[in-house]
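Below is one structure; the comments refer to it alone.
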Amino acid sequence: MNLRQRQHPTRGQDELHAPPPPPRHEVYNIIPIHDLLADHPSLRYPEVRAAAAALRHVSDLRKPPFIEWDPQMDLMDWLGYFFGFQNDNVRNQREHLVLHLANAQMRVNPPPSSPGTLDQNVLHRFRRKLLHNYTSWCSFLGRRSQIVLSSRRDETALRRELLYVSLFLLIWGESANLRFVPECICYVYHHMAMELNFVLDDKIDDNTGRPFIPSTSGYCAFLQHVVMPIYQTIKAEVESSRNGTAPHSAWRNYDDMNEYFWSRRCFRGLKWPIDVGSNYFATVSKSKRVGKTGFVEQRLFWNVFRSFDRLWVMLILFLQAAVIVAWVGTDFPWQALDIRDVQVELLTVFITWGGLRFLQSLLDAGTQYSLVSRETMWLCVRMVLKSAVALTWTVVFGVLYGRIWSQKNADQQWSYEANRRIVTFLEAVLVFVMPELMSLVLFILPWIRNLIEELDWPAVYIFTWWFYTRIFVGRGLREGLINNIKYTLFWIVVLFSKFSFSYFLQIKPLVGPTKALLKVRSVNYNWHEFFGSTNRLAVVLLWVPVVLIYLMDLQIWYSIVSSVVGATIGLFSHLGEIRNIEQLRLRFQFFASAMQFNLMPEEQLLSPKATLVRKLRDAIHRLKLRYGLGQAYKKIESSQVETTRFAMIWNEIITSFREEDIISDRELELLELPPNCWNIRVIRWPCILLCNELLLALSQATELADAPDRWLWLKVCKNEYRRCAVIEVYDSIKYLLLTVVKYDTEENNIVLTFFTEIENYMHIEKLTEAYKMTILPQIHAKLISLVELLMKPKKDPSEAVDILQALYELSVREFPRMKRSTAQLSQEGLAPRRSTSDEGLLFENALIFPDAEDTFFYRQLRRLHTILSSRDSMHSVPVNMEARRRIAFFSNSLFMNMPRAPYVEKMLAFSVLTPYYDEEVVYGKEMLRSENEDGISTLFYLQKIYEDEWKNFMERMRREGMEDDDGIWSQKARDLRLWASYRGQTLSRTVRGMMYYYRALKMLAFLDSASEMDIRMGSQELASHGSNSHSGLDGTRPPSSKKLLRAESGVSLLFKGHEYGSAMMKFTYVVTCQLYGQQKAKGEHRAEEILNLLKNNEALRVAYVDEVRLGWNEVEYYSVLVKFDQQLQMEVEIYRIRLPGTLKLGEGKPENQNHAIIFTRGDALQTIDMNQDNYFEEALKMRNLLEEFNNYYGIRKPTILGVREQIFSGSVSSLAWFMSAQETSFVTLGQRVLANPLKVRMHYGHPDVFDRFWFLPRGGISKASKVINISEDIFAGFNCTLRGGNVTHHEYIQVAKGRDVGLNQISMFEAKVASGNGEQVLSRDVYRLGHRLDFFRMLSFFYTTVGFYFDSLMVVLTVYTFLWGRLYLALSGLEKAAMNSTNNKALGTILNQQFIIQLGLFTALPMIMENSLEHGFLPAVWDFLTMQLQFASFFYTFSLGTRAHYFGRTILHGGAKYRATGRGFVVQHKSFAENYRLYARSHFVKAIELGIILLVYAFRSPMAKYTYVFIAMSITSWFLVVSWIMSPFVFNPSGFDWLKTVYDFQDFINWIWYTGVFTKADKSWETWWYEEQDHLRATGLWGKLLEIILDLRFFFFQYGIVYHLRITGGNTSIAVYLLSWIYMIVAVGIYIILAYAQDKYAANDHIYYRLVQLLVIVLIVLVVVLLLEFTKFEFLDLMTSLLAFIPTGWGLLLIAQVLRSFLQSTVVWDTVVSLARLYDLLFGVIVMAPVALLSWLPGFQSMQTRILFNQAFSRGLQISRLLTGKKFN
């Protein structure tokens, strides 16, 4: 029991079960602080009263002027009136502060002597944590902090500290969008705290001569005078960004607004009271305004180099060194290093290094020049100096290197003087690498580096000025020595593997072919060759793909090593030890102890620290539990209270399974641990453990019939479950017989005597001597018939008498070894004393059957029957895979290492925050019923996919009173809608999942405080109550939750009332429904559903933004928090806080989170998205998880606790399965490695738990700047790392999450993430992390964030360069020449690598490793093979294309935007036009381009004769082409249905030719075409230039093919190429003539139009005939030239799109548009052709459905097509 026993009311006082209605005038959120006398469970805690009382010490303070002071007011009101805060902000922060201080004081150990007064240490710790960022900021800027505290410990000092804390919370609570600008808040707080000091110290105002009054005094003054001016400035900047399309360098985002406050100029510029005329504000014209601050985001491809220059320097220098060494041609590199020439040549790496430094300095200057202003001149000086120094070094190295060779050449050998010059060079090198050596020393001694960086001394600043700009974040980021060693070793292994592979298998094999190619002289070029003298271009084309692979394959090595390391760490974390129910059965006994050990708090000793001895004791105990040492179950049985506690928790978990319909009623009975009753002496293990055990015990008894008792009993006891089964059956039969046979009858006495005699023999261990064990099977059979008879609804008394008489004969006459006469029996009380004539009537009048309504009795009887008769091993219970997985994970997690649970009242309080916009809350009837074109409704789909869950649901509905199955829509429509919604990705599912926290906390609070008596009596009460009969619950339910739909489960019947208070103080759930106000106003159904959620969940709060229209053009915005008042039975508004303006200045989701974060409570905050779910059994472990905040991980405590995710959408379709498999390996194995050993785990959005008070003053839990922060959540991780936080990852707890399930949704999601990464490359956070992290953490950071996407792009570029290079070699004739003189080894080198990479095997490796770890090796391999058969490789290759396209496009041109993916089920066929719109530019066009290259290559390459080499070379490329073209149709429901294909094609043609004004992209091709090139309008000059250069490649087709036409007659003059453009001009001319004729004549003078067409055709035929006759022209040339000129036209079109701004106003543009339309039509036909062919072939459609959906649905689909008319819906 707890040391500090609370005075909880005893049970039975019903009026105390929940808070009484508060006074009507004031609504409260969690605790009624306004009325401390109210009878509310939370007010029973003296700590709450203590915190509230501390705020009441206002008596001797000077009262605010101009208001009437009410004695009820407190310090918060005092601050509110003095500084002009809003009343609801004051109320909100008052509760926030009181709740936090009370919770913090509850956790103090040992407890303070007087819990009724606020402990000063509690406040002191809170103040230091909350204001730590402010004090660091003051120190950084060299200003004195305004927090003035005396060393005395009296009430005045306490009050002053309270005022400082309260002031900060009030500023933060009303800052709205300024919360994203944390140092701006520091600036405001600094001055307001100064004014607070003036008021407290009774300072006289110099201007007025009266007592000082703060500058922001008055109604709403803080909002109007402080927040609004800054808000208006941010808003003006956002407006100037043209919705994010303007270059980032042209406007200030949130970070720029914030970083202005990182220099002292903010004090000079802004002053206080804030000078709105300052050049910081939007009141000043743009040209005079402060520009970008701290960093300029420039859109350049070079940003990847700029941010991670150390990585690229390493790769480039190694490449150079490796080529130099490999060129010598020795077998091993160290042999070459003995040669002096090679040693000297290697010195050139320093020249390259100098050059790279120069490049870096140029990039820095070129991108950051706009930061330079009059105030930042030193920045300019440093930029110029850096470039000058780098250039100087490069020149110096060049000169010194040249001198070495000139000396050597002069001396004809390595003379002394030559060697002397080498030494001089090396001396220069030593000076050059001095900074690197210095940083190496500091890397080995990380604490010194941290200390230097965190010192705010001017001397340190001067010392480090040269190396980097002094900024507020990114200081002291080094980890401890142990972590340093761990991730250094990791990367040494990775780099060693990569460099060995690169040298021996990439670089060295290419040297020979390169030398051979350079020697080839007699090349007959097929065309006009510009560089004919050497083959250098060919060498470059040979090397480029290899170099590209060399630059990206570090990603692959990282993947391999991290998979191995991740699996190893997982193994040592004891993941996957219990993989299935079978393994759980073996450990179930220890599982009970493990649950007790982990989930129940231990007795708290008075020493607060976890002593070493205690840690050791815990570790030993865990070891015992894990491996079953020391028979853990002995302890459980000896203490019945522990067992009952375990049973309560276990049964609650199983009940939650039943409520979710993942188990049936029968499975519930088999899985539950029934309460002890019927005088049973042992634990009543779940039936699934006892099945078959009794029969085995019987067979042992018959085998050892003559053995001594002890032998037999020892044999039975070898299996714990068998022992329990035997004892339970014995006790149950005894109780049953004594119940069924009337009390006080002779028969009852006989039964009693018989059992007494047996027990006597057992006691003296003579049972086997006295009784024949061989009779037991017959007795067993009769007992089964008796139990079966009693289970029947109608019982035949005569049959019962017969069975009992037979039992009597067997037991009394046959069973004993010694025969006894009737007289002896009656003398011993085993036979009736009546006359023999009545003997036949034994039991006839002595039977009494239990009442048919006694559900509890019959439940026990069913259990007895199961144990008696079960021959089934019950391996398949529960049937549902999800239930099995959850039980296995939960039981396994209890054997993993986790902190011990504290008491609920001592745990850290936490909130959950979910942003919600406009998604589904609950599915509507219509949505479930409406059918798609195949006649399949969503409900039918769900019934097939979740077949067993549907059966369980129907069983539950019948139990709850549904008459027949057809009544589901009329009687149980709401339940049905909820059932479907809980299987989708809806808000109701998320809310249900998160509210399990509340339910778990209530139960744990009860178990924490319940005495042994409570638990014993409670167990009896539950037993008598009967788990399935919910009658009479309302009497014991708290009034506040009377309306809950869910029938209250077992333990909640025992609650005493205080549990609600405990749970509410520790947990609150805020859903921020941005549009709820508008939805209510319009009367939308979603508002009604959200209200229903509020009504059914008392701990749920909804925050929304309310727009109040005041006049014609004036709108006020408010942050509003509402709850459902259970007394008033209506929604009530708790707080309404005015905002400075509209909410959404930046990205929507972070802004939505930010407005509601002020309503969250507690020390921790879990961010949950709208597509997540939670489980009751996982919620039980939350208090353990929160204890992690108190443990050190490395040299810091965690600030974000990463939590494992479970992807629940994997069962929906094969695509969803691929996505969930990929995601699962990332959220488990991937993040496990990132957190340990690499120490670079960031925040990836979902169930992570934030240290709330660490993040509040540091900018919140996400960043919101428009476009650049489109992946808003990862920036919280960046921000956390840069500000010295620590992110950990914990796998003993999981939260469920849904993923996108259709290809279009997945692609849009991938596009959003890839674009987000493209924007991250430009961001200041990535630049700073790339430069401030040490080298190895920088590598980890790069390869796990933007590097992954960059390398995806590199893979695609490699394929491109490889194929274009081969095409060049084939068309030029070089390949033929090279083949005659070199071998094909070089080609083999490139091919092998490309093949491996493209197969994407390495993306699958983490997946296989994680699967093997958690489910076993064979299941993992089987899963992998199944995936391949379902075309997973197609999907992953297609995803690669999506990532590469959007990442590349965003880096070059921008255009990242939020893409709403929609989270519905994919049973809808997507039309061809829709797929074309989505994938034309990202996949189809690229695949067609590669396909054409491959075709031309196949016809023109001499290599094609060597079929094996050719096939090996092109097979992977063809695979890429096919997967990019076919995936959207393979993964499209009914993708190969012939009729649909025909309709789709018609629809596509209509879309292409539709011309309408103001139409949407899905209606008109032209609108879509313009939208597709939006990014080109926003891009800068460099983006346009690069785009044009890339488009020039299409002209090469024409150049290459023209010379192969027969008409040229082998002429290789340049004139041939120039003349070929005539063809282009003629083709376009013909098109223009026809288009003109159509416009002019087609409508009225149709005959003229036909005439023009005829003339054109005649002319073309004439020209072709003349060419055939008088030149070497052949008919095949016509087809070949098409291949040449179509790409040229496409290239011209692309260039025209880039130059649209010049061309749009000219006459050319119409031609461009119409040609573009024709090209899209052509591409559409090319893509459609294979789809049409496959649709036409029989059997493809059913095969595709089989691949796409699981078996159940495929079968259901076939049947539904047969029975469409009759299908029940």
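Glycine too: its Cβ is placed from the backbone N, Cα and C atoms.
The annotation compositional bias 'Basic and acidic residues' is assigned in TrEMBL to 11-23.
Per TrEMBL, the feature domain '1,3-beta-glucan synthase component FKS1-like' maps to 159-275. Break the domain '1,3-beta-glucan synthase component FKS1-like' (159-275) down by DSSP state and the numbers are 78 helix, 2 strand, 37 coil.
Sequence annotations record features per position, and here TrEMBL assigns region 'Disordered' to 1-23.
What TrEMBL records for 311-330 (among others) is transmembrane segment. Outside the transmembrane segment (311-330), and at least 6 residues removed from its termini, the chain residues within Cβ reach (under 8 Å) are 304-305, 336-337, 339, 342, 345-346, 348-349, 352-353, 356, 499, 502-503, 507-508, 511-512, 547, 550-551, 554, 1338-1339, 1342.
Summarising the annotation, TrEMBL assigns transmembrane segment to 383-401 (among others).
As annotated by TrEMBL, transmembrane segment applies to 422-448 (among others).
What TrEMBL lists as transmembrane segment is 460-477 (among others). Packing against the transmembrane segment (460-477) from elsewhere in the chain are residues 136-137, 140, 183, 259, 262, 294, 378-379, 382, 435, 449-454, 1279, 1281-1284, 1328-1329, 1331-1334: each is 6 or more residues past its ends and has a CB under 8 Å from a CB in it.
According to TrEMBL, the transmembrane segment annotation covers 489-507 (among others).
Residues 315, 319, 502, 506-507, 510, 513-514, 517-518, 520, 1354, 1357-1358, 1361-1362, 1364-1365, 1368-1369, 1371-1374, 1378, 1386, 1389-1390, 1393-1394, 1397, 1599-1600, 1602-1603, 1612-1614, 1616-1617 of the same chain lie 6 or more positions beyond the ends of the transmembrane segment (527-551) yet place their CB under 8 Å from a CB of it. If you look up TrEMBL, you'll see 527-551 (among others) marked as transmembrane segment.
The annotation transmembrane segment is assigned in TrEMBL to 556-575 (among others). Residues of the same chain lying 6 or more positions beyond the ends of the transmembrane segment (556-575) and with a Cβ under 8 Å from any Cβ of it are 490, 493-494, 497-498, 501, 626, 892, 895-897, 1228-1230, 1232-1233, 1236-1237, 1291, 1343, 1397, 1402-1403, 1405-1406, 1408-1410, 1412-1414.
Cβ atoms under 8 Å from those of the transmembrane segment (1341-1365) belong to residues 304, 308, 311, 541-542, 544-545, 548-549, 551-552, 554-555, 558, 1230, 1234, 1238, 1240, 1242, 1274, 1314, 1317-1318, 1320-1321, 1326, 1329-1330, 1333, 1390, 1394, 1397-1398, 1440-1441, 1443-1444, 1447-1448, 1490, 1493-1494, 1497, 1517, 1520, 1593, 1596 of the same chain, restricted to positions at least 6 beyond its ends. Here TrEMBL flags 1341-1365 (among others) as transmembrane segment.
The transmembrane segment annotation in TrEMBL covers 1506-1526 (among others).
Taken from TrEMBL, the feature transmembrane segment covers 1581-1602 (among others). Residues 299-301, 527, 1364, 1367-1368, 1371-1372, 1452-1454, 1492, 1496, 1608, 1616-1617, 1620, 1624, 1680-1681, 1683-1685, 1687-1688, 1690-1691, 1694-1695, 1698 of the same chain sit 6 or more residues outside the transmembrane segment (1581-1602) yet have a Cβ under 8 Å from a Cβ within it.
What TrEMBL lists as transmembrane segment is 1614-1635 (among others).
According to TrEMBL, the transmembrane segment annotation covers 1675-1698 (among others).
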Check your understanding: Hey, would you say the transmembrane segment (1614-1635) packs against the transmembrane segment (489-507), going by three or more CB pairs under 8 A that are 6+ residues apart?
Key -> no
Review point. Apart from its near flanks, which chain residues at least 6 from the ends of the transmembrane segment (383-401) lie with a Cβ under 8 angstroms of it?
Key: 347-348, 350-351, 354-355, 357-358, 360-362, 364-365, 368-369, 372, 421, 424-425, 428, 432
Revision key, fill the gap. Counting only residues at least 6 beyond its ends, the same-chain positions whose CB falls under 8 A of a CB in the transmembrane segment (489-507) are 318-319, 322-323, 325-326, 333, 546, 549-550, 553-554, 557-558, 560-561, 565, 1237-1238, 1336, 1339-1340, 1389, 1392-1393
Practice item. Average the per-residue pLDDT over the domain '1,3-beta-glucan synthase component FKS1-like' (159-275) and send me the rounded value. Key: 93
